[in-house]
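Participant: Relevant sequence annotations retrieved from TrEMBL are reproduced here:
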TRANSMEM  20-41  transmembrane segment
TRANSMEM  53-72  transmembrane segment
TRANSMEM  84-102  transmembrane segment
TRANSMEM  108-125  transmembrane segment
Amino acid sequence: MPPTPPDHPRSRAGWAVLRVLLVLESLLLVGVLIFSVSAALGSVGPVAQNASIVAMALLGLVWVAVTAVAALRGRPSWVRGSALTIHVLLFAAGTGCLQLGIGSWQFGFSLVAGALVGFAAAVLARPDERPVYDEEGRAV
């Protein structure tokens, strides 16, 4: 089966959906970071536990934001892999919410739905073709 070219309409639609989802997820993670910082500052619990929650929220935000910015700037191949990984982990978080009763079922369902849409969009999105160079450094 021949590969789908990067300018195919399905690929362009996949990139468009993926970009929107990654930007929305970045904005959601900004809210999570603000919430975790305010909860950590108001908590009397162990400082190390509060710091680790804030650090994980910050790390997640940086990861998704870097992926979103790269997806907005171009179509490098690593963005697909990063987006697939993000959405697999988002699916796991959503099913955890549904099974363990963490939060409302609507929140868990929205995480699972977003993960499935993002995963499908990342699979459909094809990266730009990389140029092939000869031994002298010229594009072939």
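Indices start at 1 and increase along the chain as displayed.
Including glycine, each Cβ sits where the backbone N, Cα and C put it.
Because TrEMBL annotations are produced automatically, they should be read as predictions rather than curated entries.
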Participant: Which residues of the same chain, at least 6 past either end of the transmembrane segment (20-41), have a Cβ under 8 Å from a Cβ in it?
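Facilitator: Residues packing against the transmembrane segment (20-41) from afar: 50-51, 53-54, 57-58, 60-61, 64-65, 67-68, 71-72, 83, 86, 90, 114, 117-118, 121.
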Participant: Below 8 angstroms Cβ to Cβ, which residues of this chain, lying six or more residues outside the transmembrane segment (84-102), approach it?
Facilitator: 22, 25, 63-64, 67, 108-116, 118-119, 122-123
